[in-house]
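Visitor: Input: one structure, supplied below.
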């Protein structure tokens with residue numbers, strides 16, 4: 001397929017430039033990001049398997065954590081394969097494929113905003129209302145919160161993609177990014193993008209700040225409650241549970257707000273790519289690293305799972321022997 005290069009010729013596909021200005025590092029980047037991607041997928045899959053297989057982890061907190069792990073796998077898998085391709089050869093993507101990637105990535109990012117808010121609410125109930133926690137977080141309510149988080153992401157970003165699909169892309173087809181994002185797409189459009197820009201800005205403000213406000217409110221109540229707890233051990237345990245979530249929230253929301261609410265704060269395209277890497281690759285690493293390494297219940301469940309697998313394998317070998 002011939003790529004358009006004339007101003008009056010409609011673009012058939014985009015070329016993702018990625019980190020084109022550092023070609024000497026492309027092979028190193030390919031190795032590093034491949035290892036990181038494998039770690040993200042395996043680590044988050046392990047969390048899902050451990051939560052499903054361990055009866056002790058069938059609680060609201062780990063139900064939300066398993067959903068977050070699944071979301072992170074999808075989220076990273078939407079971006080990384082095409083980025084890795086760009087390190088080895090020219091990464092071309094059709095206009096339809098680009099809008100599809102933008103839709104999936106944006107929907108998952110929005111869903112994660114709501115899911116992180118749900119996890120903060122769960123932490124708030126567990127610490128502030130421990131005696132009523134299981135009654136308040138019954139299975140149907142937990143399922144409803146998760147379904148709402150997932151659906152809200154796809155509904156909100158569906159509106160943006162419908163507006164973006166109305167735009168006409170002409171001229172240069174080189175996109176200075178390693179995935180299809182809103183601002184790089186707007187730069188390449190020949191149509192008036194103001195409706196899409198205003199809509200995206202309003203939705204970004206609402207669906208970033210509202211969940212973030214709920215998270216801050218939840219943690220404000222948690223801090224007040226913890227200050228009233230006389231036992232230092234109980235206070236430390238509660239803080240350990242919340243600190244993992246706070247680390248993910250601060251990284252994820254911080255980078256998203258810089259890129260989509262105050263993009264003028266990013267003064268170079270390279271810096272913009274670095275921020276994008278934070279919420280596409282760094283945050284998904286936090287899930288298996290922080291929640292697993294610092295969580296004794298997950299440690300014990302993982303050990304039991306490995307021991308059971310070892311016993312089954314040993315029994316199978318003995319039967320065949």
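Our numbering is plain: 1 for the first residue shown, then up by one each step along the chain.
Using the three backbone atoms N, Cα and C, a Cβ is placed for every residue, glycine included.
Straight out of TrEMBL:
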DOMAIN    43-291  domain 'G-protein coupled receptors family 1 profile'
TRANSMEM  27-52  transmembrane segment
TRANSMEM  64-84  transmembrane segment
TRANSMEM  104-129  transmembrane segment
TRANSMEM  141-165  transmembrane segment
TRANSMEM  201-222  transmembrane segment
TRANSMEM  243-262  transmembrane segment
TRANSMEM  274-293  transmembrane segment
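I would like each feature placed in context: is it buried or exposed, what are its neighbours, and how far apart are things?
Guide: Long-range contacts of the transmembrane segment (64-84) within its own chain (CB-CB distance under 8 A, at least 6 residues past either end) are made by residues 16, 18, 30, 33-34, 37, 40-41, 44-45, 47-48, 51-52, 91, 93, 101, 104-105, 108-109, 111-112, 115-116, 118-119, 122, 142, 146, 149, 178-179, 280-281, 283-284, 287-288, 291.
Below 8 angstroms of C-beta separation, residues 110, 113-114, 116-117, 120-121, 123-124, 127-128, 152, 156, 159-160, 238, 242, 246, 249, 253, 256-257, 260-261 of the same chain, each at least six residues beyond the ends of the transmembrane segment (201-222), sit close to that stretch.
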Visitor: Based on Cβ pairs under 8 Å, which of the stretches 27-52, 104-129, 141-165, 274-293 lies most in contact with the transmembrane segment (243-262)?
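Guide: Most Cβ pairs under 8 Å with the transmembrane segment (243-262) come from 274-293.
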Visitor: Considering every residue in the domain 'G-protein coupled receptors family 1 profile' (43-291), what is the mean pLDDT value?
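Guide: So the average pLDDT across the domain 'G-protein coupled receptors family 1 profile' (43-291) works out to 85.
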